[in-house]
Ligand SMILES: Nc1ncnc2c1ncn2[C@@H]1O[C@H](COP(=O)(O)OP(=O)(O)OP(=O)(O)O)[C@@H](O)[C@H]1O
Ligand SMILES: O=C(O)C1=C[C@@H](O)[C@@H](O)[C@H](O)C1
Ligand SMILES: [Mg+2]
């Protein structure tokens, strides 16, 4: 991979990852999509049928299998939280970008979502708690952080390309 995006649910990893990959002319890979494809069912269905632990095992396998692929990788919101994944991300030489977001923005962005079991269960106070528990880990695995609340997805792409010292034609991520 040339860059990895981490951050809480709704921070924009999938949206921004797709746009960043398009801009750089490389493939986008999304851990949640890989898991859905491999399991043949939605994340909500995996949680319902097999439980969160089974989902986390699939997530770990998908991360391990993806690291050597070419392109941009969007992780799931909980990926860096498991110790094995945390170590893989922290030790990787690939730039890891933290997309940050305030809990209220998450609520606004995900208010009509039916596919994020944790966001559906938690509500605003639960999201604040869970994000508080996770923030240190997101920070520890990432090389830089972007607050996305007031930025459009394309502006977030601009920030990432600036911080990785790149004009599209001569971008570090291409090497
Ligand atoms: N910068 C942004 N401004 C406004 N809306 C955004 C922004 N980034 C993402 N969104 C919207 O927020 C929602 C969630 O975004 P997205 O699916 O990319 O998040 P994610 O980080 O991949 O979440 P998850 O960890 O659950 O996969 C989408 O509806 C998307 O259009
Ligand atoms: O924050 C989380 O733990 C999750 C985030 C999503 O990307 C999915 O990976 C799943 O819904 C779990
Ligand atoms: Mg996503």
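The backbone N, Cα and C atoms fix where each Cβ goes, glycine too.
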- Item | TrEMBL annotation, ATP site containing 10, 11, 12, 13, 14, 15 - matching residue among 90, 116, 120 | 116
- Listed by TrEMBL with 56, 77, 134 as binding substrate, from among 32, 33, 112, is 32
- Query: Near ligand 3, which of the binding-site residues 10, 11, 12, 15, 77, 134 have CB less than 6 Å from any of its atoms?
  - Reply: none
- List those of the binding-site residues 14, 32, 77 whose Cβ lies under 6 Å from any atom of ligand 2, in sequence order, or write none if there are none. 32, 77
- Query: From 10, 12, 14, 56, 134, which binding-site residues have a C-beta atom under 6 Å away from some atom of ligand 1?
  - Reply: 10, 12, 14
- What is the Cβ neighbour count of residue 13 (ATP binding site) at a 10 Å cut-off, with all protein chains included? 29
- Task: Quick one: of the binding-site residues 10, 11, 12, 14, 116, which has its CA closest to the CA of residue 56 (substrate binding site)?
- Result: 116
- Do me a favour and check the Cα-Cα span between residue 15 (ATP binding site) and residue 32 (substrate binding site); whole Å is fine. 13
